[in-house]
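Chemist: Take a look at what TrEMBL says about it:
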- 30-52: transmembrane segment (TRANSMEM)
- 44-292: domain 'G-protein coupled receptors family 1 profile' (DOMAIN)
- 64-89: transmembrane segment (TRANSMEM)
- 95-123: transmembrane segment (TRANSMEM)
- 144-166: transmembrane segment (TRANSMEM)
- 203-225: transmembrane segment (TRANSMEM)
- 237-260: transmembrane segment (TRANSMEM)
- 272-292: transmembrane segment (TRANSMEM)
Amino acid sequence: ASEPFNRPNSSSSSFTLVGVPSSESFPTCWGILFCSGYIITLVGNGVVLLVIGLNNSLRDPIHLFLAMLAIIDVVMVTSIVPKMLSIFWLKSTEIGYMACFVQMFLVHSTTSVESGVLLAMAVDRYVAICHPLRYQAILNRQTIAQIGLAIVVRALLFIVPLTGMVTNLPYCRSRVVPHSYCEHMAVAKLACADPRPSRLYSVAGSSLIVGMDMAFIAVSYRMILKTALRKKSCWKAFSTCGCHLCVLLLYYVPGIVSIYAQQFGSGISVHAQVLLADLYLTLPTMLNPIVYSIRTKQIRQAVLELL
């Protein structure tokens, strides 16, 4: 049981995903739940991308950032849900060595990119409310492209070393991952070597990214609040931020709870930790397009015209 394997080029090297531990008696129900969420995510984000692509009036910065968010959400759920459904419905629990680490890379890079896009959307709201006359000049197409590139590069600088650290660990013969996808700490715990360096790097890196983004978002909203209170149309200014605040809560609250439950929640059952991690990745991606379609007048009207 202690014999290690570290053969990235070997097709025989693989891991076994459990799905949701202690819920083996009703996998069909979990499959239906996550399949329904996946379909809603694909349809909702697909409609948002379609209406933004077809309407020239929706090419302003906030809608371009919304399109980025929709693409990230689709990539995120597509990297995990199809495999989860094969576990629940087809009992196909095995995942290849390289496929596992590719899935790990996609999951953790998209979560980092999404945090960056939410920060960019907060900056957009700050410029729109505090500097409305300079909005188009500040957030032009070139600036948006540079912001998008910076967000992606930051995510890569964080996730590439983490993936490398976990990939280079020697893994023991017991390769059962008590998770629905290749969550990096669940995989690293199977290593014959000490996984603490990757664990510390993960906690420090994710805390730095999330903490920095949340700090800048808080500063943006403090300045928005200060500016809006001086205007007569105070409520109108706040209403333009409503969707973004809802999406922030949907993303950061479950994310922070899930991350620290995985790292430090020794008193939390594995079943609850896995469900938290699954919901953290699937619930916001499903609700984001619904929130924007209901609360944003331009998106709602464009969707109705499309239908």
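Each residue, glycine too, has its Cβ placed from N, Cα and C.
Owing to the predicted nature of the structure, the values given are computational and were not obtained by experimental measurement.
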Chemist: Is the number of Cβ-Cβ pairs under 8 Å between the transmembrane segment (272-292) and the transmembrane segment (30-52) three or more, considering only pairs separated by 6 or more positions?
Modeler: yes
Chemist: Are there residues at least six beyond either end of the transmembrane segment (144-166) with Cβ under 8 Å to its Cβ atoms? List them, or say none.
Modeler: 61, 64-65, 68, 101, 104-105, 108-110, 112-113, 116-117, 120, 184, 187-188, 195, 197-198, 201-202, 205-206, 209
Chemist: Could you tell me whether the transmembrane segment (237-260) and the transmembrane segment (95-123) are in contact, taking contact to mean 3+ Cβ pairs under 8 Å with a sequence separation of 6 or more?
Modeler: yes
Chemist: Counting only CB pairs under 8 A, let me know which of 64-89, 203-225, 237-260 has the most with the transmembrane segment (30-52).
Modeler: 64-89
